[in-house]
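Enquirer: Sharing the features that TrEMBL gives for it:
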type	residues	note
BINDING	G166, R167, S168, I232	NADP(+) binding site
DOMAIN	6-121	domain 'Tetrahydrofolate dehydrogenase/cyclohydrolase catalytic'
DOMAIN	140-280	domain 'Tetrahydrofolate dehydrogenase/cyclohydrolase NAD(P)-binding'
Amino acid sequence: MTADIIDGKAFAAGLRNKVAGHVARLVADHGITPGLAVVLVGDDPASDVYVRSKGRMTKAAGMLSVEHRLPADTTQDDLLALVARLNADRAIHGILVQLPLPKGIDEARVLATILPAKDVDGFHISNVGLLAVGQRAMVPCTPLGCILMLREHLGDLSGLDAVVIGRSNIVGKPMAQLLLGENCTVTLAHSRTRDLAGVVRRADIVVAAVGRPCMVTADWIKPGATVIDVGINRTDAGLVGDVDFAGVAAVAGAITPVPGGVGPMTIACLLANTVTACCRANGLPEPMGLTL
Ligand SMILES: Nc1nc(=O)c2c([nH]1)NC[C@@H]1CN(c3ccc(C(=O)N[C@@H](CCC(=O)O)C(=O)O)cc3)C=[N+]21
């Protein structure tokens, strides 16, 4: 058996196209341009690549893109002051503060300062809570992108066994919430899980978000399962996911590649969330319908 490759790059291009269509209508009918501000503190080269790519795609969709690059020794107070300015800026509908932040800056404090309505990452406690009780406000981009690919590939997810590996606030936990919302039976596994291979082997859907190159191997996968690889690991062999792609592709029913899978979907969902935030701020209907 050879798995279908879920083409996240193509799917993301289609989604960005829809975003661009909605943006064009917002501009033409209402004179409103959705605006996204991205804040990068320090000069991590990988973060720099993502931020550039976000800016490029934001502009390509017809939106306003504002980048704030601050030195690595920026104080917490300066960062909080910038967030406060962006909160008050009517041209900005979405704010993303790139994580991780340098040591000495209290990440939770920064995230809590972003207005929930502008929190296009969905990391503010208020959005986390709304997601947990099924009242969705802003849904984190990476898990949202994974759900869209799963729906597209499998249709209805009801009753399927889903195993998420990794319990981060950014991916694992919100991913588990969203899968629950799709009526999956969800297991949230992590580094302390006993018999991880045995747990994963029961899954119809596997989402790997641990940050360990090629950790998930073919013998962990139930034949025909759908495998979503969230890992982005830079190794001597280049960019690899958390899944041993070649091995797992021989067993799985479908798999996302790295690169070209979850990554591009994350950025497309960020643009979609920004359009949603803009529409809400202006009392307009939400065209993206992605808030689940
Ligand atoms: N507040 C915040 N929100 C984020 O969403 C956020 C963040 N901080 N910090 C860093 C991570 C990482 N992230 C990626 C986005 C796109 C790709 C992406 O498009 N990757 C390409 C390849 C890019 C390459 O070659 O390096 C791909 O997978 O095909 C990867 C990683 C968003 N993050």
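From the backbone N, Cα and C atoms, a Cβ is placed for every residue, glycine too.
Tell me what's around each of these sites.
Expert: DSSP classifies R167 (NADP(+) binding site) as coil under the three-state reduction.
Per-residue confidence over the domain 'Tetrahydrofolate dehydrogenase/cyclohydrolase catalytic' (6-121) averages out at a pLDDT of 97.
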Enquirer: Which ones in the same chain are close to G166 (NADP(+) binding site), with CB under 8 Å and 6+ residues apart in sequence?
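Expert: Expected: G172, A189, H190, V207, A208, A209, V210, G211, V230, D242.
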Enquirer: Around the Cβ of S168 (NADP(+) binding site), how many other Cβ atoms lie within 10 Å? Please give the count over every shown protein chain.
Expert: 16
Enquirer: Within its own chain, what residues at least 6 apart in sequence put their Cβ under 8 Å from the Cβ of R167 (NADP(+) binding site), listed in sequence order?
Expert: K173, L188, H190
Enquirer: Return the members of G166, R167, S168 (the binding-site residues) with CB less than 6 angstroms from at least one atom of ligand 1, or none.
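Expert: If the test is a Cβ under 6 Å from any atom of ligand 1, the answer is none.
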Enquirer: Summarise the domain 'Tetrahydrofolate dehydrogenase/cyclohydrolase catalytic' (6-121) as counts of helix, strand and coil residues per DSSP.
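Expert: Going through the domain 'Tetrahydrofolate dehydrogenase/cyclohydrolase catalytic' (6-121) residue by residue, I get 62 helix, 18 strand, 36 coil.
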Enquirer: Tally of helix, strand and coil residues over the domain 'Tetrahydrofolate dehydrogenase/cyclohydrolase NAD(P)-binding' (140-280) according to DSSP?
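Expert: When I sort the residues of the domain 'Tetrahydrofolate dehydrogenase/cyclohydrolase NAD(P)-binding' (140-280) into the three classes, I find 56 helix, 28 strand, 57 coil.
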